[in-house]
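K.L.:
Here's the feature list from Swiss-Prot:
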TOPO_DOM  1-17  topological domain 'Cytoplasmic'
TRANSMEM  18-38  transmembrane segment
TOPO_DOM  39-124  topological domain 'Lumenal'
TRANSMEM  125-145  transmembrane segment
TOPO_DOM  146-655  topological domain 'Cytoplasmic'
BINDING   G216, P217, P218, G219, T220, G221, K222, T223  ATP binding site
BINDING   H440, H444, D517  Zn(2+) binding site
Amino acid sequence: MPIETEPNRTRKNFEPKRFGGSLFILFTLLLFLNLFVLRGPRFPITAYSDFITQVEAGQVERVEVRPDRIRYILKSDQYGFNEGTETAAVFDTVPVGIDLELPKFLREHDVQYFAPPPSSLSWLPTLLGWVVPPLIFFGIWSWLINRNQGAGPAALTVGQSKARIYSEGSTGVTFDDVAGVEEAKTELLEIVDFLAHADKYTRLGAKIPKGVLLVGPPGTGKTLLAKAIAGEAKVPFFSISGSEFIELFVGIGAARVRDLFEQAKQQAPCIVFIDELDALGKARGGPGGFTGGNDEREQTLNQLLSEMDGFDPNVGVILLAATNRPEVLDPALLRPGRFDRQIVVDRPDKMGREAILKVHVRGVKLAEDINLTKLAVRTPGFSGADLANLVNEAALLAARQSRDAVVMSDFNEAIERVVAGLEKKSRVLNDLEKKTVAYHEVGHAIVGSLMPGAGTVEKISVIPRGIGALGYTLQLPEEDRFLITASELRGRIATLLGGRSAEELIFGVVSTGASDDIQKATDLAERYVTLYGMSDELGPIAYEKAQQQFLEGVPNPRRTVGPQVVEAIDQAVKDVVDGAHHMALSILSINQDMLQLTASHLLEKEVLESQELHSLLSQPQFPPDMDEWLQTGKLPQGKELIQTTLNSHQLIGIN
C-alpha cells in the first residue's frame, strides 16, 4: 500500500551530510593557516646551555627575545662567512623558566637584543584555540545524530508522531474488498456517512462517536476495515501502531500523542487509526498492565485519555482502534465519551466464508469444478486471513503442477496443508509403526462417526504431515456451531481417545503416538469441570477465570481453592476421561470387524476418502449403554471399566 506522505509538517531544508562536509573543509583550512602561515619559517633548535656558552664565547651577534623562545644569530666569521653576505646562522632555543638576568648577561657580552613588535595576526592563534575545539565537538555530535536521519536532527524530531498519512482514497481498499463481516460494515458505514454529510447529524443534535474500537480474533479483518473506511470516506487517514509511541526517552510517548492529535486537527475531517491498542492502553496496575506512577506507558496512556476527552466531538476527527485483547484495556479508555462504540469482528460463518472466498478468487483462474459453497463448508473456523492464505496455497499448488487453472483438488490439498501441515512422504515408517498408525486413525474415525454433532468423517490418511502427525483423520462439521452441549463434549473426548483405544484393543499395548490426543482430551475434560460447570459432583461453579476472549492457547488462571476442592476437581476430570475411554473401547469392541476391514484398506491405499470411506463406515453398531452415558455422563451402576480388564500396557515409541 503506497504511503502518501510522512508526518504532515513543514520542515527546513536541512542536509546534514552537506553541512558536515562544509564544517570539515573549514576546519582543515583553519588548521593549515595555523600550522603553516602564522608560524612563519622554522629554524634549528639548540639547547639553552649551548646558547649561554656561545654568548660567553662571543659568537652571538644578535638576540631576539620572544615570549616562548629566544632566536639568535651567530656572527658570520664564526662560520667562515664574509662580512656583508646575506647568509647568517639563525637558531632557536627555549629558556629554562623566566631568566631575569638574561638582559644583563647579554649587555656584559656586547650582544644586541630586542623584542619583536606585536604582529597584526597575533590574536588569531588564541582565537583558534577557543573556537576550533567547540567546532570539532559540534561537528562530531551533528554527524552522530544525523547519520540515520533523512531530514532534520533526531533530537528535534524524536517527539514527533510516526503516523503514516494517506491522502484521500489512497489506501486502495474499499468496502467491496471486505466481506464476511456485514454487521461491522454496517456500523462503520455510519462513520463514513458522517464524514461525508456531517450536517445531516449535527442539525439534529446528534454526536458522532469520538472513538470506535474494533475487537476480534487475529486475522478477521480489523485493519482491513480501517483501510476500507479511509478509502470510502475520501479523507486523510493517519495510521500508527500502539507500540510506536513508546521509545527509549522518557516523555516521548506523550509528546507523540500530542503531536498526532495536532496533525489530525489540522487535517480534519480525518480518521486516526491506532492498531494493536493493547500495546498502549493496558489497564494501569491491573492484570497484564503496568505499575508505578512514573511509567512511560502510563504517561502516554494518560495523554491519550486527555486528548480523546479534550477535542471537540464535531471537528471531524474520529479515532479508530483495533485490538484482540479488549479484556486488558484500561476502563477509562473504554468509557462513553472516548471509545463510545465497540464493534466485534468475529470469525465468519459459512455464508461469510463464501463471500470472503469470492473476494480473494477475483484474480485467480478457476476451473469449472470449483464450488465455493463446498469450500465454505469445509473450512469451519477459518478467519479471513486463513481463507486468503488458502486461496494462495491452492494457486501455488496449481502452478506447481503446470495447470492452466486451479481445480477443486488443489483447494482440498490446500485445506489439508493449513489444517494438518505439509505432507512428509520422505518419512518412512516400518511395518509395525504404519500398522499402529492405521488402526489408530481408524479408531478415531469409527468412534467419531457415532458421536452427536461430530460431523462427517471425510478423509483418513497414514501419510505423515506437519511437525509430529504420523497420520490424521479429517472430520468436518455439517454446520457452524456456536453452542456445545455436555453430551457433545463427552463425545469429543471419546473421539480423541478412540485412537489409543484401538491400539489397546488390537495390540494390547499403547504407543506414544496418542500423547497429543491425551493432552487435548485432558484439557477438554478439565474445562468441562472447571470452566463450564458440567460436573454433577462439583456443580455449576467456575473454578477458572476466563480472561483471553479472542486469543487461543493462553491458559486461564485457576481460582484460589482448598486442597479438598482440588482433589475433587482432579477426581471429576478423571471420571470424565475414564468414562470416555470406556465408551471408546466399547464402541471399537463391538465394531472390531469394521475396524479390521477399514484398517486393511487404509494400509493398502494409504488414503481413504469420499464414497469408499463412507461405505466402509456406513453401519457401525451402538453399545447399549452409549445413549445413557452421553445424556448423563454416568455408566450403569456396577459397570466395570473395560480398560481395567485389558492386559497391562507396555510403552513403545513411535518416532
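Each residue, glycine too, has its Cβ placed from N, Cα and C.
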K.L.:
Inside 8 A of the center formed by the CB atoms of H440, H444, D517, which other residues of the chain have their CB, for the recorded Zn(2+) site?
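P.N.:
For the Zn(2+) site, the extra neighbours are E441, G443, T473, L496, L497, G498, G499, R500, A502, G513, A514.
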K.L.:
Report the nearest neighbour of K222 (ATP binding site) in space among the binding-site residues H440, H444, D517, comparing Cα positions.
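P.N.:
That would be D517, nearest by Cα distance.
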K.L.:
For the recorded ATP site formed by G216, P217, P218, G219, T220, G221, K222, T223, name the remaining residues of the chain with Cβ within 8 Å of the site's Cβ center, in chain order.
P.N.:
A322, N324, V345, S383, G384, A385
K.L.:
If you count other Cβ atoms within 10 Å of each one's Cβ, which of the binding-site residues G216, P217, P218, G219, G221 has the most?
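P.N.:
Compared across G216, P217, P218, G219, G221, the most Cβ atoms within 10 Å surround G221.
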K.L.:
Counting every protein chain present, what is the number of Cβ atoms, excluding its own, within 10 Å of the Cβ of H440 (Zn(2+) binding site)?
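P.N.:
Result for H440 (Zn(2+) binding site): 27 other Cβ atoms within 10 Å.
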K.L.:
Return only the integer: C-alpha distance in Å from H440 (Zn(2+) binding site) to P217 (ATP binding site).
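P.N.:
Taking the Cα atoms only, H440 (Zn(2+) binding site) lies 33 Å from P217 (ATP binding site).
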K.L.:
Sequence gap of 6 or more, C-beta under 8 Å: which same-chain residues meet both conditions with respect to T220 (ATP binding site)?
P.N.:
V181, V345, D346, R347, P348, S383, G384, A385
K.L.:
For H444 (Zn(2+) binding site), which residues of its chain lie six or more apart in sequence with Cβ-Cβ distance below 8 Å?
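P.N.:
The list for H444 (Zn(2+) binding site) reads T473, Q475, T495, L496, G498, G499, A502, D517, given in order along the sequence.
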K.L.:
Please report the three-state DSSP label of P217 (ATP binding site).
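P.N.:
SS state of P217 (ATP binding site) = coil.
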K.L.:
Using Cβ atoms only, which residues of the same chain lie under 8 Å from T223 (ATP binding site) while being at least 6 residues apart in sequence?
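P.N.:
Looking at Cβ-Cβ distances below 8 Å from T223 (ATP binding site), excluding near sequence neighbours, one finds D275, A322.
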